[in-house]
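Structure record follows, encoded as structure tokens.
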Amino acid sequence: MVAQEQLVLLLMLLAGCRGGANAILDPGWVIPSKVEQLIGGDFNLSCTLNEDYFNGKSAEDCPVEKLYFTGGGRVYRDSKHIRILNNTTILFSDTNAVEQENDYHCMCDEYVINKSKVYVGTRPLLVRDFNCLDYDFQFMVCNFTQPPNTVITKYNISYNTNNDWRYSNTLDCNFDSAPVVTCNLTDDNYKRFSETFYFRLSISNALGHETQPITINHFERLVPARPGQNLTLLNRTESSVCLSWEMPRRSNYNRGLVWQVRVTPQNFEPITRPSWRNHTLTIKDTLCLTELPFAGYNYTLRVRVRANQNNTLWSEPMIYAFATAPAPPRRPPRVTYGSFYVYSSEKAMRFYWEPLEEHELNGPDFRYSISEYRINGTAVDPGLIKVESNSAMIDHWSMSAVHHFLIRSSNSQGLSVNATPMTIGPISNRDFKVREPRNIRSVYHPTNKSYTLSWDPPSDQRELQNYTVFWCVPKPGLQSECEGSIRFAEVASGLHHFTTSPDQLLTLHMAVSANYQSHNTGLHWAICSSDKKDDLAKMEPSIDVATSTSLTVSWSERVCAVILAGYNLTYCQRSAGRPDNCTTVTIDRYTNKHVIQNLVPYTDYSVKMLMYSDSRVSKYSDELVNRTGEAAPSQPRELQLIRVTSDSVELAWKPPLLANGVVRAYEGTFRSLHDNVTDTFRVSASADELVNNEKPITYRLGNLTAFTKYEISVRARTVYPSEPSNVILFSTAIGVPSPPQLYVINNPDQSSRLDWEPPRTPAGRIDFYEISLRDNNASCLTSTILPGRNLSYVMATPRCTSHNPFQLAVRAINVEQHPQLNGADAAEGAVLLMSTNGKGCEARTDALGEEERLQFEAYAANMTAYRLYRSDWGIYGFICTPDTHSVKAMYQTIEVTVAILVLGVIFYLVYKKYRKMSDIGLVLPQGIMETMKKPIDMGGLGLGLGPDSSVSGGIVCTRVDDSPPYTPQDLPHDFSSCGSESSKLLLRTASSSGGGGCVDRDGYDDNHETGPISAVGPPTSYLAMRHGLLVQNDRERERERDREQEREREQQQQQRESEMDREQSCTNGYIKPTQMKSWGGNGPSDNDHTFSVPSTAMTAPMSQPLSQIPLSGYVPVPIPQSRFNPAPVQPFGSPAVPSAATAAAASTFFPPAHLLNMDNYVQASDLHKLKPLVAAPLSQTGGPAFAGSSPATSPPLQLPPVHAASPAAATPKMADIGYTTMEQLQLTGLIKPPLAATVGSPTHAAGGAPGGGNQHSRLQPQINGYVTPQDLNAMAHNRHVL
């Protein structure tokens, strides 16, 4: 008991360990999972529930009390087999186990917890049929059958050839076709020439182990290869053939070989000859088959061979088909006395012979021929005789003549040597009367399938020698002709019957002839099946044709009709498998067919027959059972209506009383009385109707037209349709009409005339029409109810535009009264009424008469008693009144859309160009770099930039011109945009001019002698500055903050001045530099806004206030087309002003002023896009041109006097690059006129005297982002003062 508890605990422990691994997959475990036990032994199985699997489930899902086992077709629940160990485990025990191989399942109710495979069998059993075969010394195959055992058994086979098991080899076996095991021995260890093989079978399973030794005589198990390799036919004659073939491994058989030769003629038994020996050579074998019986005949040769040793095995046979050489037929056909037949016309005769057998034909193209034909000894052409395979026919036969024939056989090799003579003597009418057998009859014996022919002797038996009996297979419908061979036998004159051999065909034609010494009337065919004295045979009728009401029965004649009194035919209607209501009919003896009439369709009938004579009655034939065909059923009954709706009707009827077959379907026909259209429907029949034909059949016919009269009937159909049922008439209910077709005519007085056609499908009386005016979203604006008789209406329509179109719509309304609505009808009515609501407005009824209005209000107010069916809207598109610009508006919309798309694309391309140009860096030309290395004295600026300054840099060339007035309000300050276009343009300027621009500047700045000015435009001046001026320092940042504070104080004044400037001029433009650096200086001065500039052209220094001007903001801009350069600086001359021609030339060079107005911001990088105009020719003399110029054409600000260099310099120089200079802005009117504060300055026309001791008023632009033309003029003015 302790040991058992320990075993249970061990099993539980194993179950717990296994459950930890499979807790997710298995609801429990069965241990062990496989059991192998001896028959009669005991075994135990434990089943443990997996508690983790049942977590979260109710405890009653599978308690341990519900566990049980099933296996081997049994259920184990009792305490004898099941014992509960704990709250999760049970133990199953089985004693005295029987042989089995089953799955045992641990079950909880109908669910499987787990299973175990149980094998109960025996220890290993010894093999009984181990055998090996060696195939022509090539390989060995061994096989055996595993003894039956339910316990899995393994087999290991080893072998050797000297019985020394220290050295053995393993045999490779295939168990796929178990229980038959096949082992192959084909490796290099195969000892082909060893006589003995020793095998050892090691057999083991879970119940034991066995070793079985087996010894095989190798040579006795040899199987030679099939002979016939490279078979050759050496010779062939009419009775022999010689063959030759190879056998390569003949030398391996030391004791020689034994041959077996069998020759089988076609359709004969095999024949053997002791002389048929195999002439064996070293490699080839030669066999000659002699004394073969048939020429030109087919034979089959079978040759096999075995080793010349006892108990050896035969090889596979060589099978060879051959034919002997053909030869002429050996004999003619046989004939007998009386083997001819005289036709009833007595003018044609056919004579018969016995054909040769197939093996006697001796070759192809076999036939029979008449080699000689004589009539009364006179030779006649044999071609007059029609020769067939077993007979010949003479059409013009004479009964009084003697006919003599010679019959031969022939084939492709020629005629037979011998001929069969046949002579037919004259026949008289008396011979036909007294010398022919009488009452010829035959009896068929079905037991052995034989026939017996009987006859009565002729009236005249004198000189009667014997009888000849003939039999053959008759041709269909021809009693006097045979199909195939005719056989005959002689019968003694004292016998009057003949029985054929057994196993004859069912239809056999027999005849007999009476042979006299000098007379013969030929053969006479039997026409009777039996004799009176014989027992009447059981008939074998057959049912040939079955219709719905008749059966046609036929039978064959077994006896002559003259011996019969008639036939009895009995037929019975079968119910419940038994005959019932039988009827017997008597049939005339000369009849072989009868039709049974007036039968019930689709009913089983049994038929049997017998024949009777005056003295006998035959046994009834075997009963034939047949079923009549199907017929049309009776009509369906009691067709009636159950429910009618607007589009359907529910019908009911009862099945027909007489099905007369299988009712497959019901076919209904319904006709609309409105348009006389007929349609059909089909309802499949069910099997329940065969059981209960009183149960009504219901069908719902849909897709009907509302408010229409119909007539309907139903037919039942088997194979044929029945008569129609009763016809019923009904009308469908009122329904939803189809939408009217609306036409609208727009009137000029903002009204529209609506005309519509009635609904094609009114589905009712059309009580009302509803007219609706709706907006673009199909929302109702107005709705009007009209009487159902109205088909037109004029209504006011509002004026609409393309942004506010509207629709006109009309729909029909039917009203149906339903005093009681319940169930599905009420629900359907609610749906119909609710479907009419939507985005709408309240319908107006003022167009109705008083009575009609009250009716409509009553209908609408009482939805439970009335049902309103509204059709879909008949809509007349979107209209406008008037609608003359709809097409134009559409085109305008398209144009605006296209314009927006084009502008978007242009903006995107400009933005990409701007981004690309803003990334260009400043690279100065080499010439400018060299100039920047020279020391330049700028100490006069008061900025600490003298010759000794350590700040190095380049020079920026700019054009100097009189400064125009400006106001700070004109400047939208913005320095956030950076770019390098100016550097690129500066590089182009330097490279194109070769640095000449700065040379001109030096000539202008260093030679301030007075002299006349040429007629060219104002000269170009330059402002030289160090590269360090472009660098911003801390002091500059402080000044920036000061400027911001000052800007706030002057904001109000700037606004007022900006308004004045806008009134004076509207041509101010803005030039956004691509890059601006802050202005820098050495340090603060006493007055941040003033500094003194010495001038070589004046006797006293002039001091003017100057704002912090970022000189780097004025950038060179390329001119796409060349323009005139200013004249070179003259060393002497008097002050002058630009001439009118100069101003005109400058004004014609630039584009119109509207390109740079207050609303047109232009970046500096875009100035090169301004196309220059054609320049006017300039005057070559300065004085007259100046004198001739009027004050109106003089610029508002004038430059200091300059000197002409030489007369030759008056010729303008063409250049392909220029600068955006102040005179360009002035002459085009882009700058503002000078303010009052600047009038009287030395640069003004009125104050241009040399007495320039007066202080010039310095323009102070607030440069914070954008540069205006005024700012650039101020820069030029300050440079000139310097």
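Keep in mind that glycine also has a Cβ here, set from the backbone N, Cα and C atoms.
Disulfide connectivity taken from Swiss-Prot links Cys482 to one of Cys472, Cys528, namely Cys472. Within the list Asn418, Asn676, the entry that Swiss-Prot describes as N-linked glycosylation site is Asn676. Of the cysteines Cys142, Cys183, only one is given by Swiss-Prot as the disulfide partner of Cys173: Cys183. Note: Swiss-Prot links Cys106 through a disulfide bond to Cys47 (candidates: Cys17, Cys47, Cys62, Cys142). The cysteine that Swiss-Prot pairs with Cys142 in a disulfide, picked from Cys108, Cys132, is Cys132. Between the CA atoms of Asn676 (N-linked glycosylation site) and Asn568 (N-linked glycosylation site) there is a gap of 59 Å, rounded to the nearest whole number.
Looking only at Cα atoms, Asn448 (N-linked glycosylation site) sits nearest to Asn626 among the glycosylation sites Asn87, Asn298, Asn626.
In terms of local Cβ density within 10 Å, Asn298 ranks first among the glycosylation sites Asn87, Asn230, Asn298, Asn310, Asn676.
Taken together, the residues of the domain 'Fibronectin type-III 7' (736-836) have an average pLDDT of 78.
Annotated pair Asn862 (N-linked glycosylation site) and Asn310 (N-linked glycosylation site), C-alpha to C-alpha distance, rounded: 117 Å.
According to its DSSP assignment, Asn568 (N-linked glycosylation site) is in a strand.
Between Asn86 (N-linked glycosylation site) and Asn626 (N-linked glycosylation site), the C-alpha separation comes to 71 Å. Spacing of Asn230 (N-linked glycosylation site) relative to Asn310 (N-linked glycosylation site) is 29 Å (Cα to Cα, whole number). Remark: Asn626 (N-linked glycosylation site) has Ile543, Ala546, Leu551, Asp604, Tyr605, Val607 as non-local neighbours, by Cβ distance under 8 Å and separation of at least 6 in sequence. When the neighbouring Cβ atoms lying within 10 Å are counted for each of the glycosylation sites (Asn448, Asn466, Asn862), the highest count belongs to Asn466.
Taking Cβ-Cβ distances under 8 Å and a sequence gap of 6 or more within the same chain, the neighbours of Asn568 (N-linked glycosylation site) are Thr584, Val585, Thr586, Ile587, Met609, Leu610, Met611, Tyr612.
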